[in-house]
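Peer 1: Input: one structure, supplied below.
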Amino acid sequence: MSNTNNCKSLPHQLIQFVNCRLVRNHQLIVDDLWVRDGRIINPEPVFYEERATAHQRIDCCGAIIAPGYIDLQINGGYGVDFSYDKDTIEEGVRKVATGLIRSGVTSFCPTLVTSPNDSYHTILPHIPQRIEGGAGILGVHAEGPFINPQKKGAHPANCIQTIDNGMDTLRSTYGLLERIKIITLAPEQVSDASVIDELVKAGITVSLGHSMATLSDGERAVRHGATLITHLFNAMLPFHHRDPGLVGLLTSDQIPAGHIVYFGIIADGVHTHSAALRIAYRTHPDGLILVTDAISALGLEDGVHHIGQLPLEVKQGKAFIAGTDTLCGSIAPMDECVRIFQKATGCSQVFAIEAATLHPALCLGIEREKGTLDFGSDADFIILNDDLQVLSTWIAGERVYKCSN
């Protein structure tokens, strides 16, 4: 059993975490962590210039301190569906944000599946930008509607669109582009790839997915600025030796120099076989990002629920479109995905953690604030035991969750 336990710090209060191992520089380092005013600070000026000592010392009893997890693809949870519950979206996002801290998530992108235009127009303006005591909101991940109907997965076919008029199509579809951080689209459905350039210039990460794309389709999109693949192996052409499709981007020699193609992967023990996890990890570890792709049934028991416009059924730890055998999202929390991935691949604890912290931060270009314990970064972090179980979660230097076990 677990409980939420807020631990607020006073303005300018200096907090020192001792007897801990920090995830820094791709390794575990025995060192103290210093926090003040919601940020991680360099203690040297405190010692030598301010001659100050900590107002509070917290003994971590040898535990690991890691950056808070970042989830770039989550459709909902705890009975809330971001795409479906449009009339109560603010309340729903708050519920999920406060639930996610139990699994160590401190930042996330609420994800909207393919929906009618009026749903986007209603939902996007009402996504809160900050949740007191909950995980931070980085912006919305619009997964569709510009996808390939042959790889729609759980997305409703009647809402799928094509980009017929460049950015004007996107603005008329979504209404508010300013609230969107990631857009998943099928590159073969984009006749004029300059729209990808324009999205990137607007600060939106373009992800490729729900697609029948060939490798050359994917390479063209990457040359125009796409940097992410949505849930690798799922809802795309399977690997073929003559044309490996989007999977081939992991080893393509046509990627611009210095350009990393990132890919989300669902390590929930259901969506991606452990052998496929190992293939992805060994092929292109620098681009690997753990995502949950969690749905409204996250945290709920077996039964009939919903995702977007479609009903879903949870049975035996899996979620399906009701009445079918089509998987439609995960119900595994991020901390469980990290543990499953680490066990399946045999990677280090640090790599498994960075796949859910540093890598998504790098993908979004927010690595100076999130995803690390570097000096000056936000004090969003988690304390873990050696089994990578979350002992406590901290946001802006305040404890927002503590495991009671």
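Don't overthink the numbers, they just go from 1 along the chain as shown.
The backbone N, Cα and C atoms fix where each Cβ goes, glycine too.
Curation plays no part in TrEMBL annotations; they are all automatic predictions.
Straight from TrEMBL, here's the annotation block:
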type: ACT_SITE; residues: Asp293; note: active site, proton donor/acceptor
type: BINDING; residues: Glu143, His210, His231; note: Zn(2+) binding site
type: BINDING; residues: Ala154, Asn234, Ala235, Arg242, His271, Leu327, Cys328, Gly329; note: substrate binding site
type: DOMAIN; residues: 64-400; note: domain 'Amidohydrolase-related'
Peer 1: Find the longest CA to CA distance in the recorded substrate-binding set Ala154, Asn234, Ala235, Arg242, His271, Leu327, Cys328, Gly329; express it in Å as a whole number.
Peer 2: 30
Peer 1: Looking at the binding-site residues Glu143, His231, Arg242, Leu327, Gly329, which has the shortest Cα distance to Asp293 (active site, proton donor/acceptor)?
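Peer 2: Answer for the nearest of the binding-site residues: Gly329.
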Peer 1: Here the binding-site residues are His210, His231, His271; which one has the lowest number of other Cβ atoms no more than 10 Å from its Cβ?
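Peer 2: Checked His210, His231, His271; of these binding-site residues, fewest Cβ neighbours within 10 Å: His271.
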Peer 1: Using a 10 Å cut-off, grab the number of neighbouring Cβ atoms around the Cβ of Ala235 (substrate binding site), all chains included.
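Peer 2: Ala235 (substrate binding site): 24 neighbouring Cβ atoms within 10 Å.
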Peer 1: Have a look at the recorded positions (Glu143, Asn234, Arg242, Asp293, Gly329) and report the one with the fewest Cβ neighbours inside 10 Å.
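Peer 2: Output over recorded positions Glu143, Asn234, Arg242, Asp293, Gly329: least Cβ neighbours within 10 Å is Arg242.
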Peer 1: Fewest other Cβ atoms within 10 Å: which of the binding-site residues Ala154, Leu327, Cys328 wins that one? Let me know.
Peer 2: Leu327
Peer 1: Rounded to the nearest angstrom, how far is the Cα of His231 (Zn(2+) binding site) from the Cα of Leu327 (substrate binding site)?
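Peer 2: Checking the Cα atoms of Leu327 (substrate binding site) and His231 (Zn(2+) binding site) gives a distance of 13 Å.
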Peer 1: Starting from the Cα of His271 (substrate binding site), work out which of the binding-site residues (Glu143, His210, His231) are within 10 Å.
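Peer 2: Cα within 10 Å of His271 (substrate binding site): His231.
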Peer 1: Which residues, same chain and not among Glu143, His210, His231, have a CB within 8 angstroms of the centroid of the CB atoms at the recorded Zn(2+) site?
Peer 2: Gln73, Gly144, Ile147, Gly153, His155, Thr184, Ser207, Gly209, Thr230, Asn234, Ala235, Asp293
Peer 1: Arg242 (substrate binding site) to His231 (Zn(2+) binding site): how many Å between their Cα atoms?
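Peer 2: Here the two Cα atoms are 22 Å apart.
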Peer 1: Can you give me the Cα-Cα distance between Gly329 (substrate binding site) and His210 (Zn(2+) binding site) in Å, rounded to a whole number?
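Peer 2: Cα-Cα, rounded: 13 Å.
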Peer 1: Give me the mean pLDDT over the domain 'Amidohydrolase-related' (64-400), rounded to a whole number.
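Peer 2: Averaged over the domain 'Amidohydrolase-related' (64-400), per-residue pLDDT gives 95.
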Peer 1: Write down the Cα-Cα distance for His210 (Zn(2+) binding site) and Asn234 (substrate binding site), rounded and given in Å.
Peer 2: 8
Peer 1: Measuring Cα to Cα, how many Å separate Glu143 (Zn(2+) binding site) from Ala235 (substrate binding site)?
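Peer 2: That separation, Cα to Cα, works out to 12 Å.
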